[in-house]
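The following block contains the structure, expressed as structure tokens.
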């Protein structure tokens with residue numbers, strides 16, 4: 001019976017992730033598509049990655065994947081679905097690991113409740129559902145770090161029972177922690193939290209072997225990372241509001257992390273209703289996390305460990321963001337498995353609360369999936385509506401979605417058009433089409449500048465998250 005329930009949960013999670021999976025790619029996903037179409041394996045590392053802000057492992061994997069399955073929206077996003085479901089299975093293994101060691105030790109140590117609840121809280125979390133449909137590295141990172149966390153937990157349990165950790169477990173912990181780092185640099189915050197805890201628990205062998213494996217990975221990627229850091233500083237200096245996109249260390253970005261962990265990516269007007277609903281739901285989630293933090297001493301120790309692994313990486317990320325902006329909630333997606341396990345533990349004696357949590361997660365997930373206004377930017381429809389045989393002006397660095405849906409479009413650099421020193425009036429077309437996407441990030445007020453060049457806005461079309469404008473002059 002239990003196996004049937006587990007199968008049903010994973011089947012339902014899989015089917016939910018298929019809803020709207022062919023929606024339009026947005027900018028970052030289109031960049032993934034461009035990279036794997038345009039570059040070979042070596043060029044991904046040598047030509048693309050130095051100008052990117054992420055390690056190359058995810059792109060290398062996607063190059064292999066798309067060589068087999070193609071470049072459609074579904075093909076590009078399907079690995080994230082697989083990674084999310086596999087992460088759910090690892091969470092189940094973690095919870096079962098706790099239960100099995102509790103049986104070996106003492107009955108008082110049992111405290112994870114039904115292991116399936118942790119899986120359910122993760123698989124139907126609305127933010128996880130959203131990123132399970134995105135052709136980016138965040139679900140792959142979550143998968144690798146959750147496996148690392150599995151071996152971390154296993155070694156802690158073995159150490160507690162006075163057994164020696166097997167070399168295989170130590171090796172796998174170090175390898176998967178390193179894979180997480182080579183997929184997404186932000187993984188280092190959780191990795192550091194686990195390493196510090198191992199040192200605190202005097203598991204020196206595990207600590208030093210794992211550090212060595214990670215340092216080898218760091219040494220391999222350090223030349224690339226050096227170039228990326230230089231280029232990121234140049235981007236921060238040249239792009240007016242780039243730091244706001246990356247996520248500066250401020251109260252708003254910090255507060256968004258628990259809110260988005262609870263409600264997902266949906267956002268709506270009027271804002272006061274959104275803030276009220278999201279605020280109340282977030283309070284309920286985190287009330288459930290902290291509510292049962294008492295009674296059995298083993299449960300208390302376990303919860304403190306999970307809370308430490310949930311909070312300390314956020315603290316590290318917040319501090320680092322004062323120097324290198326990166327405080328965006330999706331960069332800490334890998335903490336949601338820990339939050340889900342902690343929720344399963346904290347609500348193990350509260351069936352009604354468990355039901356409310358799952359119901360709320362499902363509701364917010366379905367709101368995103370079934371209401372198109374919450375989907376990604378609709379580049380697919382925008383491209384279909386563009387005037388034929390006319391060049392399009394936009395920020396070239398943000399034009400990957402346009403190229404993905406129509407590789408024959410002539411795209412010109414918007415910053416050159418808006419530059420006061422660009423050619424002369426005689427060199428400018430009488431009619432131009434402009435997509436002002438990301439222009440604000442570059443500090444460009446297109447309409448004001450074009451009006452100064454005697455252009456008048458004659459047509460404007462809006463799509464989900466996007467607009468294009470047509471200007472003409474005498």
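All positions are counted from 1 along the displayed chain.
Quick reminder: no glycine exception, Cβ is built from N, Cα and C everywhere.
According to TrEMBL, the protein has these features:
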type     : residues : note
DOMAIN   : 54-227   : domain 'Glycosyltransferase RgtA/B/C/D-like'
TRANSMEM : 74-92    : transmembrane segment
TRANSMEM : 112-129  : transmembrane segment
TRANSMEM : 135-152  : transmembrane segment
TRANSMEM : 172-200  : transmembrane segment
TRANSMEM : 206-226  : transmembrane segment
TRANSMEM : 272-290  : transmembrane segment
TRANSMEM : 302-322  : transmembrane segment
TRANSMEM : 351-371  : transmembrane segment
Same-chain Cβ contacts of the transmembrane segment (74-92) under 8 Å, 6 or more residues past its ends?
6, 10, 13-14, 17-18, 21-22, 25, 29, 32-33, 61-62, 65-66, 115-116, 118-119, 122-123, 128, 131-136, 138-140, 142-143, 146-147, 150, 337, 340-341
Under 8 Å between C-beta atoms and at least six residues away from its ends: which parts of the chain pack against the transmembrane segment (351-371)?
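For the transmembrane segment (351-371), the list is 16, 19-20, 117, 120-121, 124-126, 129-130, 263-266, 281, 284-285, 288, 343.
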Report, as numbers and ranges, which residues of the same chain sit near the transmembrane segment (272-290): CB under 8 Å and 6 or more residues beyond its ends.
258-259, 261-263, 307, 339, 342-343, 346-347, 350, 353, 356-357, 360, 364
If you average per-residue pLDDT over the domain 'Glycosyltransferase RgtA/B/C/D-like' (54-227), what number do you get?
89
